[in-house]
Amino acid sequence: MATEAKYNRILIKLSGEALAGEGEFGIDTNKAHSLAEEIKEVHDLGVEIALVVGGGNIIRGTNLAKAGIDRATADYMGMLATIQNALALQDACEKKGLYTRVQSAIEINSIAESYIRRRAVRHLEKRRIVIFAGGTGNPYFTTDTTASLRAVEVGCDVILKATKVDGVYTADPKKDNGAKRYSQISFMESINRRLKVMDSTALSLCMENNMSIIVFDIFKRGNLKDLVTGKNIGTLISNSEDIQIDGK
């Protein structure tokens, strides 16, 4: 019996570190190709896939702002970094035979389409991978907020937030041996407990539009496909008030 996908259309939020090379800087092409392979496995199930990628492996706008660069300027620099990452992912995906489009919130027409919601939806319907770059196009907004906004705009079923940890914990598991992992928690509890899943703007947008988020470990091979086919992996964040801790 063929494996069936639980979702029809998903948005995968990748941090820049998912592509990072040595010292968590730059782009490791091996990581890009590994991600592309996992994306293809999910695409082959018939799932429509959108991506948002951060730029922290190249530039972190908040760090530049702390170093004295004007915050808006620093954020624009960070947005340009996301475009570089998007192009790297596009190249890797196309080498796996996937049709891909990069849509940027900042006009850069020689290398990416401008973001147009209807066009993005049409690409997804035609089974193209759509990579959203350039953030929201405005400073002071994170790429997590971009992911929330785009997922709502193009009608995704869920946001899969790919991280280096296997879910959301009651405390930092690297610092607290007693930290336990949530298997499920509500948006409001995430905000109230300051669990740093996403910034409050991103979480509020998801909460208001009933857009569930699953936080999972992207570095464990097979997790992405397992999630999409319905396995209980990571932490589900939704409007459900039911809080579950798995004790891990």
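Cβ coordinates come from backbone N, Cα and C, glycine included.
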Among Asp70, Asp75, Asp157 - the residue Swiss-Prot places in the same UMP site as Gly55, Thr136, Gly137, Asn138, Pro139, Tyr140, Phe141, Thr142, Thr143: Asp75
Site co-member for ATP according to Swiss-Prot, given Lys13, Leu14, Ser15, Gly16, Gly56, Arg60, Tyr169, Asp172, out of Thr3, Thr163: Thr163
Near-site residues: UMP, ref Gly55, Asp75, Thr136, Gly137, Asn138, Pro139, Tyr140, Phe141, Thr142, Thr143, CB cutoff 8 A to centroid: Gly61, Gly78, Met79, Gly135, Thr145, Thr146
Which of Lys13, Thr136, Asp172, the listed binding-site residues, has fewest other Cβ atoms within 10 Å: Asp172
Whole-number Å value for how far Gly56 (ATP binding site) lies from Tyr140 (UMP binding site) (Cα to Cα): 15
Other CB atoms within 10 A, centred on Gly55 (UMP binding site): 25
Sparsest-packed among the binding-site residues, when each Cβ's other Cβ atoms within 10 Å are tallied, from Ser15, Asn138: Asn138
Pairwise CA distance, Lys13 (ATP binding site) versus Thr142 (UMP binding site), rounded so that it is a whole Å: 12
